[in-house]
Amino acid sequence: MSKQVGSDRVKRGMAEMQKGGVIMDVVNAEQAKIAEEAGAVAVMALERVPSDIRAAGGVARACNPKIVQEVMDAVSIPVMAKCRIGHITEARVLESMGVDYIDESEVLTPADEEYHLLKSDYTVPFVCGCRNLGEAARRIGEGAAMLRTKGEPGTGNIVEAVRHMRQVNSEVAKLTVMPDDEIMTFAKEIGAPYEVLKSIKDNGRLPVVNFAAGGVATPQDAALMMQLGADGVFVGSGIFKSEDPEKFAKAIVQATTHYTDYELIGKLAQELGEAMRGLDVNQLSLEERMQERGW
């Protein structure tokens, strides 16, 4: 009997259901409940938020399954969990637990520096990071059902997420007006599957949702990314490293939904305490930049 895998249509449909929403990193059941009450469409269960992973250094692995299970038991919204790039067993364990999505994440220390997971081989849908159309198309070709900007996680600095969202969108726009006989050469140049690029050209958009992630620290950041074309927002360290996580969580959800209501966003910001402390990305060495992981 052949093994069962989820179809691309079903997986992508599940991801589409999160469109326009906020997905929040949580490290325990209590935080997961705060996120759910604030209006998050899903939570990402992990042992440490990206800023703590960055500060601790060393090897960052998949979350203890016990924490993932506790979060799954605590909330009714979808639960995501991260695995290391290329780590088949971490992904299979999460799949066996029944998580709703797996994030093959550059936030964790890569297990394989040459190969990403063949995500089409799993029943559970995957989300992956990308900085440009080449990375986006490769992940889609492997079976990713959802994309997000890599940004620079754990910095509270939105600049890299902005760069990556603009880069992907500009390259998609370029592709849509490209003559068909040039697509193969373009595919070779950016190392992307021809079939994926042809589909993007024919439809005028990516075949999967693309969320903003990596550096979202304020309601204004979330609204900015939505204005730039993000389908939704991931918030990692920004909420639970702020002065008032409950207020921050609700404010970011509101700002994501009403991202052109500047009066509302201004009022939300006035009621908040201090945001997480940020890092200047330019001061990070190449080895410290999580966005450089994967290919």
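In case you wondered, yes, glycine gets a Cβ from its N, Cα and C as well.
Small disclaimer: the values here were computed from a predicted structure and weren't measured.
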If Swiss-Prot says Asp25, Gly215, Gly236, Ser237 bind D-ribose 5-phosphate, which of Gly57, Gly58, Gly86, Gly154 does it name for the same site? Gly154
To test your reading of the D-ribose 5-phosphate site: which residues beyond Asp25, Gly154, Gly215, Gly236, Ser237, same chain only, put their Cβ within 8 Å of the Cβ centroid of those residues? Val49, Pro50, Ser51, Pro153, Thr155, Gly156, Gly214, Val216, Val235, Gly238, Lys241
Which one is it: of the binding-site residues Gly154, Gly215, Gly236, whose Cα lies the shortest distance from the Cα of Arg166 (D-glyceraldehyde 3-phosphate binding site)? Gly215
Starting from the Cβ of Ser237 (D-ribose 5-phosphate binding site), draw a 10 Å sphere and report how many other Cβ atoms land inside it. 25
C-alpha of Gly154 (D-ribose 5-phosphate binding site) to C-alpha of Lys82 (active site, schiff-base intermediate with D-ribose 5-phosphate): distance in Å? 15
When DSSP states are folded down to helix, strand and coil, where does Gly236 (D-ribose 5-phosphate binding site) land? coil
Cα of Gly215 (D-ribose 5-phosphate binding site) to Cα of Lys82 (active site, schiff-base intermediate with D-ribose 5-phosphate), in Å and rounded, measures 17
